[in-house]
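So the structure is just underneath, and the comments pick up after that.
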Amino acid sequence: MIPVQGVQNQTIAVLGLGRSGRATAAALAAGGARVVAWDDGVDTREQAEQEGLHLLDLTQDQNWDGISALIASPGIPHLYPKPHPVIARAYALGVPVDNDIGLFFRSFATAEWERFDTTPRVIAVTGSNGKSTTTALIHHILKETGRPTQIGGNIGTGVLSLDPAHDGEVVVLELSSYQTDLARALTPDVAVFTNLSPDHLDRHGGLGGYFAAKRRLFAEGGPDRAVIGVDEVEGRYLAGQLGMGAADDRVIRVSSGQKLEGFGWSVFARKGYLAEYRKGRQVASIDLRGIQGLPGAHNHQNACAAYAAARAVGIAPREIERAFHSFQGLPHRSQTVAEIGGVAWVNDSKATNVDAAAKALAAFPRIRWIAGGMGKDGGIEALAPCLGPVVKAYLIGHSARDFALQIGQTPYEIVETMEQAVARAAAEAQPGETVLLAPAAASFDQYPNFEKRGEHFTALVKALQA
C-alpha cells in the first residue's frame with residue numbers, strides 16, 4: 001500500500017466503495033486521515049461497514065462540515081452527462097474533488113528515495129485502443145530485462161494498493177479518460193498516447209472533451225519523454241504542441257504505417273518490421289512477423305509504443321526484441337483460443353468500438369464475424385471499407401438489427417445470442433477461415449463487462465473441442 005501524503009488529521013470523504021474505493025480509504029487512513037465514506041448501494045455500504053469503514057451520508061448538506069476533500073472512485077460521473085449528486089454537492093460547497101490517481105502522484109515520492117542509487121519512475125499509458133496491451137507489454141519488457149517493476153491503474157492492481165517504490169523501480173500505469181480527467185496531479189516521467197477514436201463520449205461531452213481528458217496526462221510541465229501515436233490528427237497535434245520542432249527528441253513519434261524519418265526520435269512499423277530512427281538515422285530494426293503475442297497491424301502499433309517507452313527508460317533494442325518473443329498477449333485482445341478443423345477462433349471482445357473492430361478485421365484474410373451488443377453513437381457505417389474479408393456476419397444483442405442495416409452487401413444472419421452465433425459459425429466455417437469475435441459494441445446488454453463476454457465465447461469454443 002502507498003500511504004497518502006499531506007492528509008494527516010484531515011477529514012477526507014470517499015465516494016464509491018468498490019475495490020478501488022476501499023483501497024483508497026485504507027491508503028488515506030494509513031496517511032493519517034480521518035476517513036468517511038459513502039456508496040449508493042445498500043449492500044456495498046453494509047459490506048464496507050463490516051470492514052470497519054465509517055459511513056456518512058454525503059447526500060445530506062449537514063454532513064459536510066469539516067470535510068477537506070472528496071475522493072471519487074473511477075466510473076462515477078463527475079461532469080457529463082451530469083455530475084453525481086454527491087460530487088455536485090462538493091462543487092457547490094467548494095470542496096476539492098480528486099481520485100486515487102491524483103493521490104498516487106502526490107504520494108509516490110518518499111523521503112526514502114534519498115538513499116536510492118536510481119530514482120523510481122512512472123510510465124503512464126492512455127489512449128482509446130491498445131493501452132492495456134501496450135501497458136502489459138512495457139511491464140513485460142521491464143520484467144524480462146531484470147528491472148524492478150509494478151503494473152497497475154486501469155489494469156491489474158489499483159494504484160494505491162501498489163507497494164512503495166524500490167530503488168530503480170519503474171511503475172507502469174494504464175490510465176483511462178475517466179482517471180486522467182479528474183486527477184488533480186498527473187506527473188509521469190514517461191507518458192504514452194496510443195491513439196484516439198470516439199468512445200465514452202457521453203461521459204466527456206463529445207470528442208473534444210474526450211481528447212482533452214487524454215491530453216491532461218501531458219500537462220503540468222509535461223513528462224520527461226512523451227511517446228505519441230501520430231496515426232490520427234489528434235496525435236499529430238499533441239506531438240506538435242509538446243515538441244519544440246521536429247528535431248526535439250523529448251517527443252517520440254510512433255506509427256503503424258507511416259515512415260517517420262525526419263524527426264528527432266521516431267519508431268514506426270511497416271510491412272511487419274519495426275524501425276527506430278534518431279535524428280534522421282536508423283539505429284535499430286525488429287522483425288515483428290511471426291511474434292505470436294503481437295498479431296496484426298494494430299499490435300504492431302502497440303509494439304512501437306511499448307518499444308519507445310522502454311527505450312525512454314534505457315532498455316536496449318535487442319533486449320526489447322527478446323522480450324517481444326516471450327510476450328503472450330492479453331485475454332480478449334486478438335486472443336486465439338482454439339483451432340478446430342483448420343478454423344481459427346479469435347476472441348477480441350475488447351474491440352468495443354469501431355476503430356478497434358476495424359483493426360481486428362484487418363488482421364485476417366477470411367472472417368466469419370461475430371458482432372453486436374450495446375451499440376455506440378455513430379453506429380458502424382464507418383466499418384464499410386473494412387468488411388472485404390468478411391465472409392458472413394453473425395449479429396447478436398441489442399444492436400443486431402441496426403448493424404444489419406449498416407453493413408451494406410455483407411452477408412449476415414441475426415442470431416441474437418452468443419450461443420447461436422458460435423453454433424452457426426461452427427456449422428458454416430471452412431478450413432482457412434477465422435471466426436472472429438470483434439463486437440464493435442459494448443457488452444452491457446447481455447454481459448456485465450467485455451471480459452465476461454469473451455469468457456463466454458471462449459467457453460463455447462472450448463466446448464466444441466470436447
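A Cβ is built for glycine as well, from the same backbone N, Cα and C atoms used for every other residue.
Here Swiss-Prot flags GLY127, SER128, ASN129, GLY130, LYS131, SER132, THR133 as ATP binding site, drawing on sequence analysis. Neighbour list (LYS131 (ATP binding site), Cβ cut-off 8 Å, at least 6 residues apart, same chain): VAL125, ASN154, GLU174, LEU175, VAL192, THR194.
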Per DSSP (three-state), LYS131 (ATP binding site) is helix
Output, ordered by sequence, the same-chain residues six or more apart from ASN129 (ATP binding site) with a CB under 8 Å from its CB, or 'none'. THR194, ASN195, SER197, HIS298, ASN353, ASP355, ALA356, LYS359
Residues other than GLY127, SER128, ASN129, GLY130, LYS131, SER132, THR133 within 8 Å, Cβ to Cβ centroid, of the ATP site? VAL125, THR134, THR194, ASN195, ASN302
Between the binding-site residues SER128, SER132, THR133, whose Cβ has more other Cβ atoms within 10 Å than any of the rest? THR133
Cβ neighbour count (within 10 Å, all chains shown) around GLY130 (ATP binding site): 27
